[in-house]
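Per TrEMBL, the features are:
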type: TRANSMEM; residues: 73-92; note: transmembrane segment
type: TRANSMEM; residues: 104-128; note: transmembrane segment
type: TRANSMEM; residues: 140-160; note: transmembrane segment
type: TRANSMEM; residues: 172-192; note: transmembrane segment
type: TRANSMEM; residues: 212-233; note: transmembrane segment
Amino acid sequence: MTEITTPHIDKRWRDDFIIAMRMQDATGEQIGDALATVDAHCAESGESAEGAFGDATGYATTLVPEPAAGSRLGSSFVVGALMGLLGLLMVPRAVDDWAAGTQFAVTLGDMVALAVVLGLTSTVMALPRHVLPWLAKARYSVVGLLGAALMALLVLAMLFLTDVVAELDWRLALAVGVGLLVASVVLTWRDLATPDPVADPRSPDSPPRRTQWLAALMFPILTLLVLGIDALFRLVF
């Protein structure tokens with residue numbers, strides 16, 4: 001089925017409803033059926049979705065009152081992204097140490113970065129139904145700003161907290177970094193491997209989109225880009 005269009009439903013109400021239903025582990029087909037019903041009612045009655053059905057989150061709860069036990073909707077994606085971020089920070093440094101013939105120095109900044117990522121991962125895993133809806137509702141600009149701020153924090157910690165805590169063979173550091181990148185692909189793919197669009201029961205089938213791999217491979221691609229820029233810099237200078 002094609003993704004549903006709902007011209008008679010306010011976009012904010014629709015978005016809040018979809019997020020609430022996703023947090024209740026409803027499928028795209030279930031959400032599409034519910035939205036089609038709401039849209040049809042609003043078209044016939046002239047009422048707004050909020051006027052007819054009330055708060056979007058509250059209405060979603062009445063449709064799926066009991067979320068699946070132990071659900072971690074979307075948490076694999078977030079945890080995978082955090083692991084990918086660590087891999088992105090580790091692999092280029094390990095390659096630099098290989099080129100220079102030096103050990104991989106684990107600094108105080110590395111420990112702070114690890115603590116931050118572990119803290120964020122623990123928060124997402126422990127409170128997925130609080131963290132993920134907020135992330136989903138936030139503006140793209142806000143999420144992008146938070147992501148840039150996190151990246152800047154980690155980089156600054158590594159640049160300025162340079163006291164060496166331990167030294168590792170660059171091969172081990174490289175293996176850990178590559179492992180983190182592989183784990184990021186696997187965890188991200190777990191959430192993206194089975195597309196579940198909000199389907200419109202009133203429309204015929206349409207071919208699925210094939211963009212999942214691009215999202216899953218984001219951090220390995222960024223890592224290769226950083227390595228390429230670093231190699232070009234070495235050749236030029």
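Note: Cβ is positioned from N, Cα and C throughout, glycine not excepted.
TrEMBL entries are annotated by machine, without manual review.
Long-range neighbours of the transmembrane segment (172-192) within the same chain, counting only residues 6 or more positions beyond its ends whose Cβ lies under 8 Å from a Cβ of the stretch, are 74, 76-77, 79-81, 83-84, 86-91, 93-95, 97-98, 104, 212-213, 215-220, 223. A Cβ distance under 8 Å defines the sequence-distant neighbours of the transmembrane segment (140-160), meaning residues of its chain 6+ beyond its ends; these are 85, 89, 107, 109-110, 112-113, 116-117, 120.
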